[in-house]
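Some notes on the structure that comes next.
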Amino acid sequence: MPGRRARALLDDPNGCQAEVILSCCGPVQLVAGGCVAAANYLCEAAGKAFSARFEARAPTSDSDAASSESDESAAGEEYGKNKSNKDKKAAGGYLKISELLKGVQLYELMGISEGASQDEIKKAYRTMALSAHPDKQATMEPDEAKKVQENFIKIQEAYELLSDPVKRKQYDSSLDFDESLPKLRSGEDFFQVFGEAFRRNARFSVKRPVPDLGSMEDEPRSWKRFYEFWDNFQSWRDPVMLAQSAGEEICDLADAECREERRWMQRENERVARKYKQQERDRIAKLVSLAESMDPRVQAEKEAKRQKEMAEQAEERAKLAAEKAEERKKKEEQRKKEQAAADAAKRQQEKKEEQKARKAEEKQKKQEENERLKKEQQREEARIKAQEQSEKDKQLAQAKKQEMEQERLVQLFSQDRIDRLAKLDALTDEKLLDALQESVTDPGLAGALKLLDQVDDRAVALVHERQAVWGLALPPPQIRVENALRNRVKKARNRLTQVMTSFFSKCEFDAADDGAVSEWQRGIVDGSVEIPTWEETAPEPETAPDKPDKPEKKKAKKPEKSKEDDLDQILAELDSPEKSKKAGKKKK
């Protein structure tokens, strides 16, 4: 048959030698994976060892055959190198921990508990990264800096491991854990001894929440549900990590050179894991069985069941005796029973007919009542839905108003800062010092400044009305402005603080008079009066007259209510008086 080649599949790797067979077209090459033409054979790469052993071209001479055999032997050595038992144990299992973290408790290193959430882990990492970063330890000695660098690397690697849920579960499975079964000694409390054991093992539960062992006062359904939960206990504990901790040889999938080897490694790991997973199930089952055998509630139920069976047996014996007595009287009472049965059947029939009529009447009434309740419920649902929509619309309108008001305050505050900065830029430090020197001619202000033990916001508060620029040094309100403006204000505040510090270091306060100090000024000095901050209607004069004894705090003018606000309030009051009161309080 021209144009047709012979095909064959060689599964034996030792038989994968190139040989020529008779064909209608010409010589072919036999390789693992099929019989293909030697000149134009193309294959998909499946690993270096696989390619070297099974996909080599056919030799054309004895010398080529010898070189092919040598290449095969070299490839075989490369395939098996670095695969000693020692290297396999060093490679670890599915979880690899660097040399720096071996023997280190990661949770203690991060300063968190074992049950910490991902957010807590991230927060702890950020805190430690800021404090332990090597860039912050520039002044250290080389040896100490190296230790800091190693500690920072430990923190980074610990965070990478704990932030991965799969790796963290594997790491938690490898931690030391007390797997011993509790022993109940004479005089010990069963619930205290076994409760601690169950709470200790509950950390591995997939299902949450885990029921508690309870107490002697619990109902039977409660503790039965507890034992049912533990009989079907599902553990997330990784059996591969248990095998690795026990010294079992675990294959590292990263060392596989081809898919076939990787699948073999997976099967080997699963084989070892099944053994330890079954051991974990047996351990939990033994704990549950031991607890059930010693649980006083189970023993009490068994005792009650035994007493009930004894009572039922006694009742059965009494019943048999009564039946024998009944049989003796049966013949004498047969006629009376038949008559009584006939009368009872008649009464029963009448009673059934009466009950049937009564049930039909009750069914009709119940159906009418259900229809009435259904209509009322529909009306109530429609009313509640309309009310909820109204409240939602009001909340949206109120949120929009608050947002617009906040934007307006930000603009006013930003303009105020810009105006004050412009005034400050026009003044030199000498002019600021001269203005402060003129201010201390006031005996009350000079006396108040003299009472201060240091230069801080209190000093600025005492003189902020003497000149508008000093308002920049007061504590800023809770209003967010642009970064550029905030940085300018920060620089201006630092400049004013330096000027104030320079003034205090040189001023003698000759005009100071303690008797002229007002209550407001004393309150600012001792901290009983709050330091004033920016207000919408606060005046900004460059110079101000002497402050009165107790100046009244200027209040921002309340914006006039618009017609829409009045309409919303009227609708809220009509809808519900209580809601209108709450809405009024929120607006205030």
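Each Cβ is built from the backbone N, Cα and C atoms, and glycine gets one as well.
Unlike curated entries, TrEMBL annotations are predicted automatically.
Marked as region 'Disordered' by TrEMBL: 59-88, 295-402, 529-588. Look at TrEMBL and you will find 78-88 tagged as compositional bias 'Basic and acidic residues'. The domain 'J' annotation in TrEMBL covers 105-175.
Each residue in the region 'Disordered' (295-402) gets a DSSP state, and the totals come to 107 helix, 0 strand, 1 coil.
Per DSSP, the domain 'J' (105-175) is made up of 55 helix, 0 strand, 16 coil. The average pLDDT the prediction assigns to the domain 'J' (105-175) is 82.
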